[in-house]
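Features as listed in TrEMBL:
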DOMAIN    B:58-269  domain 'ABC transmembrane type-1'
TRANSMEM  B:5-27  transmembrane segment
TRANSMEM  B:62-80  transmembrane segment
TRANSMEM  B:92-115  transmembrane segment
TRANSMEM  B:145-174  transmembrane segment
TRANSMEM  B:209-231  transmembrane segment
TRANSMEM  B:251-273  transmembrane segment
Amino acid sequence: MTAVTTDANPQDARKAGRIVYLAAVVLLCAWVLVPLYFLLINTLSSPEAVNSFPKSFFPAFDLGSLTFFANFGGMLSALKNSIIVAALTMVLSILIGAPAGYALSRFDFRGKELFRLLILLTRAFPLPLLALPLAVLFIRTGLDDTALGLALVHTTLAIPFAVLITFSLFSGIPIELEEAAWTLGCTRLTAFTKVVLPLILPGITASAIFAFVISWNEVFAAAVLTIENRTLTAFLLQTLGEAPLHLKFAGGFILVVPALIFIFAVRKYLFAMWGIANR
Amino acid sequence: MNARLLPYVLILPVTLFLAVFFLYPFALVAKQAFTQGAEFTFANFRDVASHWKFPISLKNTMLLAAAVVPVQLALALLMATMVNRMKKGRDLVLYVWTIPLGISDLAAGIIWLAIFEQSGFLNSMMSGLGLVDQPVNFLSYQNPMMVFVAIALAEIWRATAIMLVILVAGIGLIPKEYYEAAEVFGASPWQRFLRVTLPLLRPSLQTALILRVVLAFEVFAVVAALGGTLFPVLMGEIYSYQFDLQNGNAAAALALIVLGISIVFTLVILRALRVPKGATI
Amino acid sequence: MTLISKLSGAVSGLAILCAATAAQAEVLFWSTQARPVEEAQAMRDTVLSGFDGGVDYQPNEDGPWLTRIKAELEAGQGSIEVMGALHGNFSAMNPDDLQDLGDLGLSSVSDTFNSLAMLGTDQMQYIPWMQASYIMAANKEALQYLPEGADINALTYDQLIAWTANVEEATGEKKFGFPAGPKGLKHRFFQGYLYPSYTDGVVRTFASPEAVTAWEKFSELWSHTNPASTNFSFMQEQLLSGDAWIVFDHTSRLAQAFNERPDDFVAFPAPAGPTGRGFMPVLAGLAIPRTAPDMDAAKALVGYMMQPETQIATLRATNFFPVVDVELPDDLPPSVRAAGDAVAKMSAAPDANPGLLPAGLGDRGGDFDRVFVDTFERIILAGQPIDAVLEDQKKTLARIMEETGAPCWAPDAASEGPCPVE
């Protein structure tokens, strides 16, 4: 490798690079946040303001639209259902998915490619078509209209993420690390729990986040498979498409907030990985 | 435990689970695609493929994926490496960048429509700055390019975070020593990225790409919100067969075609970014 | 291992808990109507709160609505007691799956509606529940550009085109709004308004020379139409935002504009063509699936929905008009007054040419609609030649009519056997 030291003044170049870098970070943050800010403005505007032109770029703090939803019957129980379903989805998809991710990364076995394809197929086929046979199955078995039933369907959606993310994480951990642990007297299982698991915990968190938001945002199965135990998304988003504009925005906002809080709450597990990996 | 059996034991739960909750309903739906009345036939495939909208929606879906996925990959890589070398505020920045993950495609469609519609925020901004006299109609049939750009922007905004999270998790696993060694040899940041980050990130890159490409073929809600009837995509046609036309056979046939396309692309990515067993680190 | 077993224990514990709370108490009303959040809330608060025993009102989009009811029918058991949907939703179902409601002794004042509700059988498969129509609406600012001598309550298509052209000339913007978006009801305009007004038919005259004229006129109108119309599905939004000044849509999809700013907009009848002023009703009905768990409660709810007071409450909540004989009170919301007025003028017009809803198409109703949507997209959006497109789509239409054997409906002249495409 040849060193690149042609810069006339490395000090200046580094400073310029630093500015470009900071500017890029700020710009990318703005790219994500500005559309959300618009959503916030529209949520906090009166119906007239939502329909007006040109639009104001500062929220008017009109709470009319939000109050409408606050008085909307059944919001709280729908919120509770959403959380239960999403939590179940999270636990199920990791319990079921992570072992497969480990197997894919560590072993060569017959049918491996086929297995990987099967995992991916689940995301390549539209759920609304599968919902009919699933609903018939659930009605017959009594899983219909339960949080567990819906969580099972959401788990099929989340599993590809759980399997593939854990697979890529396990692949990133040298097998020598495990082998060293075996020679030091660990069994395969204890080597896994004591050495590997702590390393990939952040990645597990990543797939947990996926599972949570997938379940949280899924509408169709939720609308078909829950009646009494509607989730918040089925409850709100179902009807949101045809709501007057100001309620559309407020409803969208209400759906976004819990997901943001969840990601915020678990972010430290996700981002703790540097502490471990960069020993 | 027998080392030959162990992998099968490990994949057993997923396989059983998917057999019940995916393969079983999938088989029933797939059967529909090959039947009309009671007889076995390929007529459903012929019908959907010969409909005048099929080539258009296929082309649109492909074009959108081709425009969106590479940009998302580059953007996610850029963001992931930027986060990686950040010292202060890393948590906050990464949190902000992962926010779109929590936003459903329906909500994203609502948000971006508010930006691009005639009396939307973009027009408000442009007329506020005096760039235009009266609001521009961005999403009109006279301007298909603009509609495409709007949809692509919204998709990039919404779905880059999926790749970002996977790549960030992967980059975190690359030991610092490699970079230190590269630095000792005098590698520039760009060389370090090319020679260290990219090769070692291959497993995560593969995962991120496959998931993103498969999901790109399923794109629907954002397109429907911004493109209206102007930009038909395959998934929209499937829903229209299933629910408007109540032709479950045709819907199933078209869904199988989409599935086939996804499989082909998945295999290509798998081959191109082959991941060695265990890890070479 | 302990952690995993603990977790799985917790999961099954939760599942039992959830299953236990899923006890059936209220009558489940599964509907495709009154979906917008405000309407759904009004249904629950004001319309259904008076029913003894309570109602669980669940409005859904057509997709989940249909999937759920199909699943219950296939499983042979379910929780849906009463279904509320459009005529088209019911006619796509197998009549055997719907309970015969003849013994309830309920019907609408319209014989046409009652016979539609039999879905081609000799039983009441659903009870006509409420009705609406499509009308025109305009921003009052547009009125100054009305062509000379035009009466807004007796417009012709030519005058409408001239009017939209005047508006474009004066404002520099195309201000006619047409619901051509994915959820827009554009096909109803062609089936119930454009075709009857120009060809005095829908099926028979599909590819007639008059139909070519009709599409030429529509292209002319389209040239003054807001090009973003392909994104419009609820014209109240564009009326309120000012993106469109003159619009056509379903009465309940215009309601919000009139209720929010009643003084700014006018509602008026659809325009007339050479063969009269074509217009079309919207009919929603109530049915009971054969899988309803509590037939008596379901029938009681249907009976309750048909009482005059409930019908008026429904009108306030949804902007759909009663189908039974009721005396309308004076204090109705502005949207109801405006729409009711326009519909009344439209029906009473000397050149009125009312059409019926497509009947006898069964589950091919969607294919029938698609013929018109495809024709529109090909001629107007893709710019293909009118003759060729009509000739091509005609084959599809003829096949649908032959396969279903559906006889002609008004304004087409009656037919022996399937309605022919001439």
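Every residue gets a Cβ built from N, Cα and C, even glycine.
Just so you know, TrEMBL annotations are computer predictions that nobody has curated.
Since this is a predicted model, take the numbers as computed values, not measurements.
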Same-chain residues near the transmembrane segment (B:92-115), Cβ under 8 Å, at least 6 residues beyond its ends: 79, 83, 86, 121-122, 150, 153-154, 157-162, 164-165, 168, 219-222, 224-226
Most Cβ pairs under 8 Å with the transmembrane segment (B:62-80), selected from B:5-27, B:145-174, B:209-231: B:145-174
Positions on the same chain near the transmembrane segment (B:209-231), where near means CB under 8 A and six or more residues out: 60-61, 64-65, 68-69, 72-73, 104-106, 108-110, 112-113, 116, 139, 141, 144, 147-148, 150-151, 154-155, 158-159, 162-163, 166, 239, 258, 261-262, 265-266, 269-270, 273
Outside the transmembrane segment (B:5-27), six or more residues from its ends: residues with CB under 8 Å to it: none
